Amino acid sequence: MTLILYNTLSRREEPFTPLIPGIVSMYCCGITVYDYCHLGHARTCVVWDVVRRYLEYLGYKVRYIQNFTDIDDKILNRAKNEHTTMAAVAERFIEAYFEDMAKLGVRPADAYPRATHTLDGIKRLVYELEQKGYAYPSDGDVYYSVRRFSDYGKLSGRKLDDLQAGASGRVETDDPEAIKKQDPFDFALWKGAKSGEPSWDSPWGQGRPGWHIECSAMVKEQLGETIDIHVGGSDLIFPHHENEIAQSEAATGKPLAHYWLHNGMVKVAGEKMSKSLGNFITIRELLAKYDPLAVRLLILGAQYRKPIDFSDEGLQAATNGWHTLQEGLSFGYKHLPPDNPAITDQELENRFQEAVNHDFNFAGGLAVLFEIAKELRKEGNNLTHAGKTDSNLAQLAVKWHTLVKLSRVLGLEMAADQGETPVSEGISAADIENLIQQRTEAKKAKNYAESDRIRAELKAQGITLIDQPGGVTKWLREGD
Ligand SMILES: Nc1ncnc2c1ncn2[C@@H]1O[C@H](COP(=O)(O)OP(=O)(O)OP(=O)(O)O)[C@@H](O)[C@H]1O
Ligand SMILES: [Zn+2]
């Protein structure tokens, strides 16, 4: 069975072949941290979390990187309004991100690079582009010259000349950057410092990086010049991903990514759910009303490239679906001896794979899970009310193990306490202290990717770290 993916770059379905057999490098454009995450962000994070889990289920070793954009006008504005710093706002919402995603069962990435931790790489890349003639300084800023890159538009299918016609070929006079650009479609790689705003030293003077360049620098630093899969929401195809390609490929002369995959938007009344538009529901608000796994099911029930229209009815239907799965998942905990052998049904797994292998058709995979869950629910009722089942218990045990295994692939694990099995104590205090020690050392070595990863790893296990003055880190276990 071959995994087939729809590649935005080629606009068609292609068999998936990684650069190095058995290994997949994957980069996801993450959150601009100036507010709580909403259901749209949840969709992006859950979809790519499940793609990563599925690739691992197929036997690939996946290195998965997701960034935090922690330098941005929107973060600065919030900091100004709250009389605090950009770093403090970013830190607060990064923390909130980890809390929300842990609740949704999103596994932590292997590293979370941030713009503020990648400045050397960003400056090197801007310098390289300038040396190669793709970038020019202008009054403290540095711009990318899109017309120098002949492949510009290859991802989005937009042609500069059509764009130009759309913009009447005129320079917009209300854009203060416009007069600094040689061409209206050039974009900023580096922006000169404005007074009162955070800035960094550079060959072009004090300033800060533009948005697109950070991802090009992070991909290169974390995964190399060419990666297997670059993902993000479809709203990023143009200009963000188009610009990433222009920057990276002009610098290296190599393809940035072989497969470009994009998830559809969560919409509200036909419009993108968006922080900027204010039409959003935060993950926190949602989880006050709905089970996190119902939210996951809502997301996985739709083809990942299609839009989802947000509605309470949709979430209610997903909640009902989750209850059905839950009943199937509880069968083994209620009715099977704890030591029953973990054998799965290859034929059912094959059907699951056949569905999902076609461009991550998770809804098709879920249909197999529901079929098993409904049978187990029926047989559970038979056992409770008549003391016997229609089919033999050993066969049901195999189906149950299959359901548990495939649910895990989709991140739809049921907490053990919902299945009436002993509740696990979780990670030990000694292991937590050990990880805190490793994190302190990583921070000392300025390896922030590693220290963020350890924080996320602990968060996923319900442990919150509290950094105190003097380099002391305390911890709290959820529910204590
Ligand atoms: N409504 C949505 N549906 C699906 N994915 C989304 C949605 N909004 C943002 N994303 C995705 O979430 C990730 C992080 O987005 P980012 O923080 O840049 O949000 P944003 O688009 O700036 O926020 P907003 O538009 O809400 O102000 C990106 O991959 C983006 O494509
Ligand atoms: Zn990006």
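Keep in mind that glycine also has a Cβ here, set from the backbone N, Cα and C atoms.
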Of 232-236, 272-276, 357-361, which span is tagged motif ''KMSKS' region' by Swiss-Prot?
272-276
With Swiss-Prot as the source, identify the stretch among 31-41, 53-63, 97-107, 185-195 annotated motif ''HIGH' region'.
31-41
Can you list which of these binding-site residues (CYS29, CYS215, HIS240, GLU244, LYS275) have a Cβ closer than 6 Å to ligand 1?
CYS29, LYS275
Three-state secondary structure, LYS275 (ATP binding site) (per DSSP):
coil
I need the CA-to-CA distance for HIS240 (Zn(2+) binding site) versus LYS275 (ATP binding site), whole Å please.
18
Listed binding-site residues with Cβ under 6 Å from ligand 2, out of CYS29, CYS215, LYS275:
CYS29, CYS215
Using the structure shown, find which entry in CYS29, CYS215 (the binding-site residues) has the sparsest Cβ neighbourhood within 10 Å.
CYS29
Taking the Cβ of GLU244 (Zn(2+) binding site) as the centre, count every other Cβ atom within 10 Å, in any protein chain shown.
28
How big is the gap, in Å, between the Cα of CYS29 (Zn(2+) binding site) and that of LYS275 (ATP binding site), rounded to a whole number?
16
